[in-house]
Amino acid sequence: MDLASFQNLLQQCQTEQDTQKRKEVEDFYFKYKQEEPASYVANIIEVICSNSSSSNYAAILFRRDMEQSGDVAAVYRAGNGNPECVHEVMVRILNTMLGQTSSNSIRFLSEILGVHLERILESDPQGGVAQFPEFFQALETHFAAPTTTSQLRVGFLNCIKYICGLAYTSVTKIGGKAIIDLIFAGLEDQADTVAVAAIKCVNALILYGDSDDEDEKNDSVIPNSVLQQFVYKIIQRLPAMIGRHNFMDAEQALEQLVDIADMNGAVLKPMVKDVHILVTGILSPPEIDDSLKRLTIVLFSYLCENISDIRKRAKKAISEIISQFIFPYCGLFDDTLTQAWLTSEDPHHFDDQNSLLGYAESALDRISTTLGYKVIFPLIKDFVSYAKANPTVHNCFAVANIFTITAEGLARLVTKEDIVFTIDTLLELSNHPHQRVRYSVLSAIGQLSEDYAPTFQTFHEKVMPLLTKMAQDPCIAVAAHSLGALVNFLEHLKKAETYLYKDALEPVITMHLMQSNHLLSNTNSLALVASLSNTLLKNDFADMCKNYIPHILGMFTNVMETLRKSPNMSLNKPRLSYISRILECLSIVAGTLPQLFAPHIDPLLTAIMELFNFSIDDAESSLLKYTLIAVSRIVDIYPETFPKYMDPIIAKLNDIFNLKYIEFDNVNEFAVTDDDDCSFTISPHVLQLQAVGFDVISGIMRKTPAAFAPHLDAFLTKIQDRSFHTGSISESLKLNSIECICTAFRVAVAAPTVASPPAVHQRAFTMLIAATESNIDDIDIYQSIADSMAEYVMDYCKYITSTKDMTSYTETVNKVFSLLENFEDQCRKLLEVSIQDLECDDDLDPEETATMVSDTVDDFSDAIATFADVYGTFAEALGDLSLDFMSPLLMPVIKRWVNYYTSTKKNGISGAQVAFLTSAVSILADIVKYLSPANSKSLVEPFVTIIIENTKLNKEWVEINQVCCYTAGLLFEKYEGDPGLAILIPTLLANATELIGVVKSGELVSKEALAAYDNAVTLSARMAQAFPTELGNMSGGLTQFWASWLDLASTVQTDREEVIASIQLIISAFARNDPNFMSGNLVHALYAFLSLYFGDHHISIVEDQTNANLIEGANTVLTQIAGHGTILADTIAKCSEYVQKTYSLYTSVRQ
């Protein structure tokens, strides 16, 4: 192709607008470049070095060729691998740059030279200099020459930027001092554009800075002393740029400084005062451009995040900037747009996140998390006082907004008094005349309901009336938003307390769901209906939903009709949220009320299958994600309906699992942009979608295993081929795929002729082992894997007991124990490293360090407890068959954990020690519970002493008392009549009585303390059942003992298992007409029975099929007591409102 034809081709690539013709032109261009590389390079170099209108465009295309091909292949192809040809081309480009006056032309030419310099210097710095001496000679001759234009100096610095991107070792070999001096000269240049180019060089160098400021002799890093000189000059230079109102160059310089603070904030440590002056100097004057203020806010937030001891160095300066600028900026919504806000479908995301408001919100979120409660909350209280004295709309908005933004960062240490202050402030603001302020109050309540839960919910008497009142706000956006806050608040509110407001909630839902066409009203009312499914009794929820289901189904019908008319339509976030809430509400109602919803389930699933086919313009795949979540809910409740929908679901999931979450950007060769480097993109939405897909699969495998069996082999192959279980960068995707692997054996057992259980076990177990051997650096991941393993162990062991197929039994058991031991070792190491890092973090004060260490130890404790669950699963699933490996494998684990507690106890008790003791005892409890007394006794006997000792009240570690009281109770239940237990009764009764008394007094109020209380109460009852004479002698007679116990039993509420145990005990006493219950203690017994059976756990008890005998016994008791005159009605009247409500529903159903 001759030069004229090539120039014409370039012109067409640059200007052609017709899509089809443009594609033809581009295809021709690519074909020419591939088939005639020598001609292509010769022509494009001619264009680059000419003065044609296409020269800059050609320079961009050629640089991309150089960068994307890896070895400057475009040039080398032209010379058939001859470096001299490359050299000639680059010298020509250099000479062309030296003769230019246009800044754009110089920029594009310098970028080509920069890429070339980077390539020849990165592997051999000194040899690379020899390959291109002309450049370094020109640099020395021209850069400092008085006649050199600022544009050319910028071009040279653009080239130097690429050299600075190499490791500092390479820079020093090239001539480090000369390059450093050159950058210093650029920073001091009179032209701001030159200074900006020099700052970009500093930014490239900063990647190799020494953040510890200790080792200045290591030539692989730039000493901080040099970097700090650079940064100091940048900070000095910026005010002059801004003073000249050269905001464009100042913005570029500030962007680079922000990057430096982000990558190596320690460099700024000696300049905190200078940065403070710079920040205030930019934020104070009103005439300074907002773009600079936005960047300055980011700079300040990075300063707070990345300088370890910033609070000690500059607490006063930080406080001033937060109070004077960050807080007020959090109220700067654009009031001129309020009318548009009122009609917006998405008022919650209406404000521009690129405004000062958006930047301030983001910065305050980071700052509050970094600086913490002790710095931020006092400033909030001061700002509230300031806003009260200066109650502008923006100040009032800022107050509520600040509470919202800082909630997560302050949650660790916030006190009840702080929450009261916060609620009272919000109550006052809730009456503000401006809609935006009232809306922000609701945003704050919604966020605080999550971050300060459950303490925040203890003030429901203040918050709930406010929310139900604001649901009737004259501004529909505010009224609708109140429902969102209600959903968050109710999520952590106790069921009994929710019932206090049920009558106020129903008209709110009716108004916003049935009587409003406002999108946000409909969306949030659907969410509120869904949230009440877990709170209300089924009958109450059914009564509510009878009116709502037809209306919600009508909503869904309208959505489907709209999508059918425009299957490729674009849906904004509010519309997507609305559809997702419909799907959520319908699937939850279907799951909660299967009989009521049964007529609608097939049409719903049919419509959901149709949703799979719509190509909605939604980059985040939100609608597909919500559809899959709805499917996962429905499969749990309607497994018999599901198999006929299996094929389209599996087909869609296969499409999802084939998606790539990482894509290399195919840069459009013909698009001219400032940032046009080749890169790759990770799509979190694909990862989320695949994680949800595995969640759906695991539900199908559990609920319809036989129907899934034909797909199992292909599914496991997909996991292996894509390495979801070993190589995924998404924790949830990895864990969900492992959960599916652990469920595979259940599928094989359900359909052994389709999927051979031994073969599936061999494959799935091998995959599980591979997953555990992949890189894991988080305690939580080990815990989650162990949680999935418990399910696998249960399914596998049940199969062994039913089939006696011992093919790989011993090998499997040994490997599980080996894996768990390795998990334990790895978690210990991670715990030690995490604690060491926290204790060495200078940015944390002692109280924060203690809190974070405690949280980390809690994670470790949860992991050890989960490992104990896996060990205990063997006992539960195998019973006495587990004896084969109990002594050689499990008992050493228990001994090791107990010994760790006892041997280190003299040095004080830590959370980790407690975890090992409680976990060891919980395994012993499983052995007692699931093995026969004859086989379990010898295993447990060596540990009885430590169990009994630790029923003694330990106020600091009451969870020890909880598990030991529970296990001691099991000993009396399983080994009833054993004379060795009788001698323990005085000690145990004294310990239980002390624990009960302390908790009852209110001295201990934690969840663990309340559970320990429940266990102590049932322990005393189990001792009385096993040894009634001994207990009667110690308690003033059995009648007196049971009278006292029944009063205590009525208050058992935390531990569901102990609630059930207490109910069973009372039922059995009624069944045998025990005089200790049926005579003088009848009222006590009935009150305790009603409080327990119709209390907080009533719903979960009656919906659990394993409790059929208990439910039948409870019905018998109520029938039996009905013949005792008015005693039942009188006793019910003394019970709580919630108990009365549940009892009333029970009687109405029975009638």
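Keep in mind that glycine also has a Cβ here, set from the backbone N, Cα and C atoms.
Note that the coordinates shown come from a computational prediction; the quantities given were computed from them, not determined experimentally.
Taken verbatim from Swiss-Prot:
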- 83-132: repeat 'HEAT 3' (REPEAT)
- 270-316: repeat 'HEAT 7' (REPEAT)
- 317-377: repeat 'HEAT 8' (REPEAT)
- 378-416: repeat 'HEAT 9' (REPEAT)
- 417-453: repeat 'HEAT 10' (REPEAT)
- 496-540: repeat 'HEAT 12' (REPEAT)
- 541-593: repeat 'HEAT 13' (REPEAT)
- 705-756: repeat 'HEAT 16' (REPEAT)
- 933-978: repeat 'HEAT 20' (REPEAT)
- 1028-1074: repeat 'HEAT 22' (REPEAT)
- 1075-1120: repeat 'HEAT 23' (REPEAT)
- 1121-1151: repeat 'HEAT 24' (REPEAT)
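Two recorded stretches are said to be in contact when at least 3 C-beta pairs lie under 8 angstroms, sequence spacing 6 or more; the repeat 'HEAT 8' (317-377) and the repeat 'HEAT 23' (1075-1120) fall short of this definition. Panel annotation: around the repeat 'HEAT 12' (496-540), residues 345-347, 457, 460, 464-465, 468, 471-472, 476-477, 479-481, 483-484, 486-487, 490, 547-548, 551-552, 555, 574-575, 577-578, 581-582, 584-585, 588-589, 591-593, 1096, 1098-1099, 1103, 1136-1138, 1141-1142, 1145, 1148-1149 of the same chain, lying at least six beyond its termini, place a Cβ under 8 Å from a Cβ of the stretch.
On the 0 to 100 pLDDT scale, the repeat 'HEAT 24' (1121-1151) averages 83 in this prediction. Per DSSP, the repeat 'HEAT 7' (270-316) is made up of 38 helix, 0 strand, 9 coil.
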